[in-house]
Amino acid sequence: MSTELNHLEMPLWGSRLIEASAGTGKTWTIAALYLRLILGHGQAGQPVLMPLLPENILVMTFTRAATQELKERIRQRLQEAAAYFREPEQQPADAFLQKLLEDYAEPAARQHAAWRLSLAADAMDQSAIFTIDAWCQRSLREHAFLTGSDLRESLLQDDNDLRADAIRDFWRQEVYPLPERLLEPVLEVFADPDQVQSKIVPLLGNGATFDQPSRPLQALLSQSITALQQQIKMLKQRWSDQQADLRSYILQILNGPKADNPLNGGKYKPEAMEAVFEALQDWLDSPEQILPANLEKCQLLRASSLQENCNKGRSIAAPSSARILEAVLDELETPKAQFQKIHHDIQSHAAAWVQQRLETLKAMHHQVSFHDYQRRLADALSDPARAEQLKSRLQSQYPVAMVDEFQDTSNLQYRIFDAIYATASNTPERLLLLIGDPKQSIYRFRGADIQSYLQARRLTAGRHYQLDTNFRSSTPLVAALNALYSEAEAELSEGAFAYAEAGADNPLPYWPVRANGKNADWQLGKQPGPALTIWAAAETLNKADYLYHAAEQAAECIVQILTDPETGFRQENAEQIRRVSGRDIAILVRDRHEAACIREALQRRHVRSVFLAEKQSVYDSPEAQQLLLWLEAVADPENTQRLRVALALPLLDLSHQELDAFNRDENAWEEQRGNFQDLSRRWRRQGVLAMLHHSTHHFAIARKLLRHPDGERRLTNLLQLGELLQSASATREGPEALIHFLREAIAAGHDQSDAHILRLESDAELIRVVTIHAAKGLQYPLVFLPFIATYRKDKAEDYQLQIEGDGAARIIWERGDSEATERARLQEDLRLLYVALTRAEYALFLGLAAPSSAKSPIFDHSAIAYLLGYQHHNMALPELLKRLQQNAALRENLQIQPLPTETPVTPLVASTSNTQSRIPDYHGHFDKTWGIGSFSLLVRDLSPSAPLSARRARQGAIWHQYPQGMRAGTFLHDQLQALAGQGFATVLQKGSAARITRACEQAGLSGWAEGTLEWLQAIVRTPLMASGLSLENLQHYQSEMAFWFPSAALRSRELDQLCTDQMLPGMQRPRLPDRVLHGMMRGFMDLVFADAGQYFVMDYKSNVLGSEDRDYHEQAMQQQTLQHRYELQASLYQLALHRLLQQRLGRNYDPQAHLGGTLLFYLRGLEGPQRGILHLPANLALIEEMDQLFASGERAS
């Protein structure tokens, strides 16, 4: 039984438990009791602790934000009290301070009390208000000698990376060395290291400590597997002679006339039975295989199963082979159980090995996690050699400990508190004050252990206190919830939270609370708004329909609330109401899927919202996945597949037509490749953040993202990820290491490091869609719970983790009791429901529906169904709600409406929408004509003459048969670039075939691997000039050389005329579109090489000029060159090379001697008259005039 808490009279000694229901002023209570402890205040006849300083009052809570809030609230309360005690007549004060002042009647006592309060307020920066983790860390460091702590150790905020390293070490050291006969059972448990992660992390995350493995995995498996294989060998011998007989018998029946087949056609299908016999044959043929695959399907071939599965009125004369198989399968049950035990041993071994390896890695790096701090302090407090001295030191240092949010305490944390303060002893020399609300214990997935709370509750029996006034919610809403829960508490045998047992004290009761009331009333239209609105479907629904219709109704209701001028909050005696804005509304959901349902419904009505999950990691956002793909493309811009993926990302928001243009326009594609090559260089030179900022600007990513309703959130995520990657790059060398880091961070899922928590953008005015877990501790004027009838059944685990008092763990491989698992699920869902229902200040809106089938996971076994007494009263949902309306306390505060299956879509009028963020005007001045030009830009929208018509040859040289188009050309270009990096001659070596085959498979050209190799080998052997020089014997060259040079307001028609006059003069070519190039000109040269003192540029061309070698004569190549304006491209390359040689060779540079010109290598003309080479010699006059043109924008006179 709990006593109503009197803040002035509660004894401040011993061990006591304060149960603080939602909204009952828990923080205010902590501040009030803290104030009394500073003063050493107590009641006559009771033990009183001496006045304390803030550094001696230990207050622990669970988040850094909560510690800061507590510290500021207590400081403010101490300052208010000090001012009031000095001048009570001049200062306002609440009833608590007025009553407290009466205990200090003498002026001197009041002034002394004021001095102590003021001193404490000034000392709050040294107060002992910590998170539990931080306090454990501090205690270990301050008492390093007693705890054996290493002062060199640094805090590891997140041990996911080290754990991943430990798992990879396990795979390398324990799994790789296994012989094949021992590898099979391991791979059945863990197919790869990722499965090691997913299966053992739940075992490691409960504060459990495993004993170090006594022997390697190979030794563990060798003896048991060998013995098992011997048993299996005998069974295989018994069955091997029978396989053919039974197979022939069964398949003959199944494939014969239907009238002669007595077996159930649904279970016995020829293809399925053929697969079963193949599995049995594989088992016989593999000496190492313990059990046949498809073992469950094999049961159908038992003699008894064949008889049981005959059609009605039919029977079968099972052959002796079926009876032998039945005996074999019966005898396999024992090896099967033994094999299952081996699987369990493997998992237990892996968990212990990885945990030990993780500890070793931490020690090597002198790092510890917060959990390590807790475990070490618990170990020190249980060590007989040092525990008593350490306890004495901590008790002297902190004679008072308050544990806030005690219901979220883990078993390990409670062991620490209990070891120091001895909960059961209730000693008057110190105070342990446990403050929490078991009805809000919802963080089991984070280690919160409600059993620890219930144990402390038992040990403090008779010293329980209740906060009984709700300061959060309006009087009608408090009355409605009191009525709902009080009826459940009274009528349901297990109580409102399913913890009561017959003949025992209910450890988790519901106590009604009083309403302090609000200073405004909720008004809906012109009438008082109901505190509780329930939308109930008239017909049964499946889950998908329930989610859709509930979302539509909630969204439509929100639009009506936001647009109705008569709906809002009316202050007492006020003439006007305060209209509802987006910030007043919260929609609480269980998960992302529910959030997506309601946000889609809101978007259809042009209502902006933001989704907030509890400590949601930015690495868990869609932007993180997209950024990973973007980085992979930037790191390797020559990888066509990665580049295509990057261009198709939602970040760029390109249409299907724009993406398809890259398939048809080679110049546009090469321009994009150039963009990514530029980003790649920028990344390596300036860092990842600079590259991402440039990407955002160049591709207009910010503008495109902000078109979407959640654009601000997406952009914020992207920028936050950029900052995190820049920080991570300080300890990681190169793009590949950073990409690996991001991939691992995404795989790790939710991360609790504060740096990774999603930042908010301008969310304040948006409707908030919040997970119930994230909403705990928060409050909102209006709360919508459209999907509160959903639930998820928990699957009973295959194991139970038994943790001893000292934290030592033992895995018991027994499937949990499904009934107990379901009961625990319901209990936690009831607590989650309580948290959801108590977030509202004025009104709640709930969506309910009965399920259309027993498999539909809505309502029947949900927490809301239990609370309403659905199973207890055995009523259908409509009757249940009618009964609810008969409750006198609910009648005035409850409105039940039908959940429509057809809901209008009313768009939110812009003028009534949430306040939009206004981008400030930019008043700076810059040159808006400046930009980056390229050859691709110059020839964009070119109108060439009709292209040559060439069909792909079906015979002859491979280069005439090879696929045509940009995709094949880009692939060939990529291969030549890769060869340039390795040495062109490497393609002639034996090992090159495998690499080319892999590249072809990745590019979707798997049928062309042999032809690709043949063509590349021919290319590198082809003489490039009369000297016999070929790519094969090139010595001095540079692949994909980039160039940049300025362009001063150059008009493309001037450049066009210059090239027309001096490059292949007199020949027709399409005119360049009229453009102005002002800014920078850039490009990439496929190959620059030196030979005999001259420098050449080569550009690869995969254009098709015909289907025979003779089609690649010089005039045809010239016409193709002019049609695509490659002569202009060659001139730009020569200018870039000219400027480079000027810089590098200085006064030794002689253009006439050093410039060799440009070779256009038409790769499909290898055996043509010119061997595919069109040589455009360097034209010095052209180069010098072009140089002048780019420098000034005008041709030399």
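Keep in mind that glycine also has a Cβ here, set from the backbone N, Cα and C atoms.
Please treat TrEMBL annotations as automatic predictions, because they have not gone through curation.
Note that the structure is a prediction, hence the values are computed from the model and not measured.
For the region 'DNA-binding and helicase activity, interacts with RecC' (1-878), the predicted model reports an average pLDDT of 89. Residues or ranges marked as region 'DNA-binding and helicase activity, interacts with RecC' in TrEMBL: 1-878.
Under the heading domain 'UvrD-like helicase ATP-binding', TrEMBL lists 1-474.
Around Ala20 (ATP binding site), taking its Cβ as the centre, 25 other Cβ atoms fall within 10 Å, counting all chains. If you look up TrEMBL, you'll see Ala20, Ser21, Ala22, Gly23, Thr24, Gly25, Lys26, Thr27 marked as ATP binding site.
Feature annotation from TrEMBL assigns domain 'UvrD-like helicase C-terminal' to 475-777.
The region 'Nuclease activity, interacts with RecD and RecA' annotation in TrEMBL covers 929-1197.
DSSP assigns His973 (Mg(2+) binding site) to a helical segment in the three-state reduction. Annotation for His973 (Mg(2+) binding site): spatial neighbours Asp1086, Tyr1100, Ser1102, criterion Cβ-Cβ under 8 Å with sequence separation of six or more. Annotation source TrEMBL lists Mg(2+) binding site at His973, Asp1086, Asp1099.
Cβ-based neighbour count (10 Å, all protein chains) for Asp1099 (Mg(2+) binding site) stands at 19. If you look up TrEMBL, you'll see Asp1099 marked as active site, for nuclease activity.
Using the Cβ center of His973, Asp1086, Asp1099 for Mg(2+), the list of other same-chain residues with Cβ within 8 Å runs, in sequence order, Leu976, Gln977, Met1085, Leu1087, Met1098, Tyr1100, Lys1101, Phe1161. Non-local contacts of Gly25 (ATP binding site) by the CB criterion (under 8 A, 6+ apart in sequence, same chain) comprise Leu467, Thr469, Phe471. The secondary structure of Thr27 (ATP binding site), as reduced to three states from DSSP, is helical. Residue pair Asp1099 (Mg(2+) binding site) / Ser21 (ATP binding site) shows a Cα separation of 76 Å.
With the fewest other C-beta atoms within 10 Å around its C-beta, Thr27 stands out among the binding-site residues Ser21, Thr24, Thr27. A Cβ within 8 Å of the Cβ centre of Ala20, Ser21, Ala22, Gly23, Thr24, Gly25, Lys26, Thr27, the residues given for ATP, is found for these other residues of the same chain: Thr29, Asp437, Leu467, Asn470, Phe471, Arg472. According to its DSSP assignment, Asp1099 (Mg(2+) binding site) is in a strand. Under DSSP, Ala20 (ATP binding site) is assigned to a strand (E or B) in the three-state scheme. Listed in sequence order, the residues of the same chain lying 6 or more apart from Ala22 (ATP binding site) and placing their CB within less than 8 Å of its CB are Asp437, Lys439, Gln440, Asn470, Arg472, Tyr834, Val835, Thr838, Arg839.
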